[in-house]
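Notes follow the structure.
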Amino acid sequence: MAVRDHGAERSFFERSISWWHGMCAAVLTATAFAFLISPDELVRHRALGIGLTALMGLAYLVVGHRLLYTDDVRAAVVYAAFSSAAALALLSVGPAGYLALLTVFTQLWAMLPVRWAIALTTALGLCLCLIIVGRIGWTTNAVLLAALTGVLVLGSNVFLGLWIHGIEKESERRKELIAQLRQAHSDLAEAHRREGVLAERERLAAEIHDTLAQAFLSILVQAQAADAVADNDVVRERLALIERTARENLAEARALVAALAPADLRGRTLADALQRIVERLGDDGLATRFTIDGEPRRLPANSEVVLLRGAQEALTNVRKHADASRVDVRLRYGVASATLEVRDDGCGFDPTHATGFGLRGMRARIEQVGGTLAVETEPGAGTTIRLEVP
């Protein structure tokens, strides 16, 4: 039951360690004082008793207290054997040595694993019984007294040791749970932060695409139309400058939209990005298939983002909730629209009670680009999610 450093949350033993040191010092001081004031007929060698008590205190100060903070079983066993021998020697000097046994028993359980603590506690209890019988004499009453004393000492110390050990284990378990909860809270906060950043990037990309990029494109078209009917070289030069500036800024706006797009879309087509996330889902053990109908083409940036996010959300739901064995993802390019369909053979759900699964966020995103969301499902019949964007 050695003390270990696990961070800011302190264990039961760590919280009581100062009290522990004080108790050991107080008991050993009381032992020495008891030897000092005991009548001569009860103490064979008063100086030896005080000296052994001081030696036990010095050993705890130099070595013993450090073993509370380590898992060095070998060193702890050696120290425990020394302390036990010193306490038994004190008992042979005088009855005051019983006080020193209090510190030895507690140190056994504080420094050693349970099996070692039980073994040494049992050995120490047997030695105590032998000392009692040797002091009183080998009579029936002496043997019965020694046996009763041994049972009481052994039973009480093992019971208290196991009880304290259980408290320490429970404290460690709670500390680990608190650490896990804090880590989960931190991970959740980070996930929300990342989601917020991604949502803001998508919003900015859509705003730039729908306002600045369209405005520059309109200026470019108007400049080209004006240049076609201009009859003055100076006007043509000015229109050429306007056209060049609009073209450059349009390129910058499109570059910003591309930079703000989700990582899966950077440098890839929508089909490539969808293929990639479907393959990642297949790595989790599900049978997956991705198909494309129609001629692939570039869609408006915000439409591609909405379809990609919808696919990610739908596939996440499949992995977490559907208990499916197969998923089919289909991207269909129509004349005036594009449709993404995610179909699984999982457990399905009641769509009239579907308040989670990210459907509300999915619907809100697709409505922002003028698209539609359809969900076909029922309990036990799998789920099909269909997103269509213009």
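Note: Cβ is positioned from N, Cα and C throughout, glycine not excepted.
Listed features, source TrEMBL:
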TRANSMEM  19-37  transmembrane segment
TRANSMEM  49-69  transmembrane segment
TRANSMEM  75-104  transmembrane segment
TRANSMEM  116-136  transmembrane segment
TRANSMEM  142-164  transmembrane segment
COILED    167-194  coiled coil
DOMAIN    307-390  domain 'Histidine kinase'
Sequence-distant contacts of the transmembrane segment (19-37), meaning Cβ under 8 Å and at least 6 residues beyond its ends, amount to 13, 43, 46, 49-50, 53-54, 56-57, 60, 65, 68, 90, 93-94, 96-97, 99-100, 102-103, 106-107, 110
Counted with DSSP (H/G/I as helix, E/B as strand, rest coil), the domain 'Histidine kinase' (307-390) has 29 helix, 28 strand, 27 coil
